[in-house]
């Protein structure tokens with residue numbers, strides 16, 4: 001089966017899941033979850049449209065990873081309260097470390113000639129790691145702002161929650177940078 005078919009199946013599946021959830025939320029009159037689901041679905045559709053319009057700017061793998069991540073965190077975490085389960089938030093933050101490195105990789109390729117990357121291997125992995133951790137820091141600042149000024153409860157455990165979230169992202173970022181380091185090294189050896 002071609003990759004494009006797999007990505008189309010993912011998109012259709014996500015749309016069906018969202019539609020089913022929205023219907024469910026309407027029947028149980030959970031208006032908060034209806035609004036959150038619709039806004040999340042709109043964000044996913046915009047992401048897909050932008051990726052197609054700009055000739056797969058972000059790459060299908062990253063876009064589909066983001067789509068699944070958003071659906072799990074919004075539908076599962078926010079709407080169905082999966083955050084009450086131990087380590088659900090940890091898995092999301094570890095995954096965000098991977099996603100941050102994927103975004104950094106795409107931005108790096110965007111700004112560099114691909115042939116320059118192997119000789120800049122250490123810089124590349126340091127850049128990916130720092131970018132991913134920067135995203136985690138910004139995310140935690142957003143959570144703090146939402147809690148402090150809008151009365152949300154994103155940082156359920158306060159400072160402890162924030163530190164564990166950043167630690168989780170650190171774990172994901174380290175694993176991703178090690179993976180990409182060896183992937184670049186392998187590509188470098190093939191070119192020789």
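Cβ from N, Cα, C; glycine included.
Quick look at what TrEMBL lists:
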- 7-25: transmembrane segment (TRANSMEM)
- 31-50: transmembrane segment (TRANSMEM)
- 62-85: transmembrane segment (TRANSMEM)
- 91-110: transmembrane segment (TRANSMEM)
- 122-142: transmembrane segment (TRANSMEM)
- 162-182: transmembrane segment (TRANSMEM)
- Task: Return the stretch with the most CB pairs under 8 A relative to the transmembrane segment (91-110), choosing among 31-50, 62-85, 122-142.
- Result: 122-142
- Can you name the far-off residues of the same chain, 6+ from the ends of the transmembrane segment (62-85), with a Cβ under 8 Å from a Cβ of it? 7, 10-11, 14, 17-18, 21, 25, 30, 33, 36-37, 40, 43-44, 47-48, 51, 56, 92, 95-96, 98-99, 102-103, 106, 156
